[in-house]
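Quick notes on the structure that follows.
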């Protein structure tokens, strides 16, 4: 099996827009037209509530987990694993099925982190939850959790994993540029995890 098939598989799996499909099927809501307009789990939670949004979050995380798991199982080469992980997140961010307008890669990155270092995934989740419960800013929680995970990935799993997590954190930071500006301006949208 050619090594290049793994990143391609990752991109196409990453491109499946669960955070668009699930709200559309279950609630009749087009997340592109409500909330932030972002096709991601946070906007799904914000606009459809924690139950439907939670399903989106889980599925977006799983589409990060499985391509990397498959690559580890059938290849095991750390460079191919990293390329597959990056391609998967790029698929989520720029999905071919949605005219390349996707999410910000946080949930998919979380799935990748759990696949490569589950303790780091737990720390990511706890960090995100604490920050979001305290501030109501999902974007702030995501950014802090991503960089904490990059450091922890390096400490627990070594250079290759830490560098991969750092690259994914930078990709997500670039996708969060508007959120960062709104955080600085005090105009960032807030999210309540427990009610719509």
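Glycine is treated like the rest: Cβ placed from N, Cα and C.
The structure displayed is predicted, hence computed values, not measured ones.
Annotation source Swiss-Prot lists transmembrane segment at 2-22 (among others), citing sequence analysis.
Taken from Swiss-Prot, the feature transmembrane segment applies to 52-72 (among others).
The feature transmembrane segment is assigned by Swiss-Prot to 80-100 (among others), with sequence analysis given as support.
Under the heading transmembrane segment, Swiss-Prot lists 112-132 (among others), citing sequence analysis as support. Nonlocal intrachain contacts for the transmembrane segment (112-132), taken as residues 6+ away from its ends with a CB within less than 8 angstroms of a stretch CB, comprise 61, 64-65, 68-69, 72, 81, 85, 88-89, 138, 140-142, 144-146, 148-149, 152-153, 156-157, 161, 164-165, 168, 191, 193.
A Cβ distance under 8 Å defines the sequence-distant neighbours of the transmembrane segment (137-156), meaning residues of its chain 6+ beyond its ends; these are 42, 45-46, 104, 106, 109, 113, 116-117, 119-121, 123-125, 127-131, 162-166, 168-169, 172-173, 176, 179-180, 183, 188, 190-191. Residues or ranges marked as transmembrane segment in Swiss-Prot (evidence: sequence analysis): 137-156 (among others).
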Study note, to complete from the structure: For the transmembrane segment (80-100), the distant same-chain contacts (Cβ-Cβ under 8 Å, at least six residues beyond its ends) come to 3, 6-17, 20, 39, 60, 63-64, 67-68, 71-72, 107-109, 112, 116, 160, 163-164, 167-168, 171-172, 175
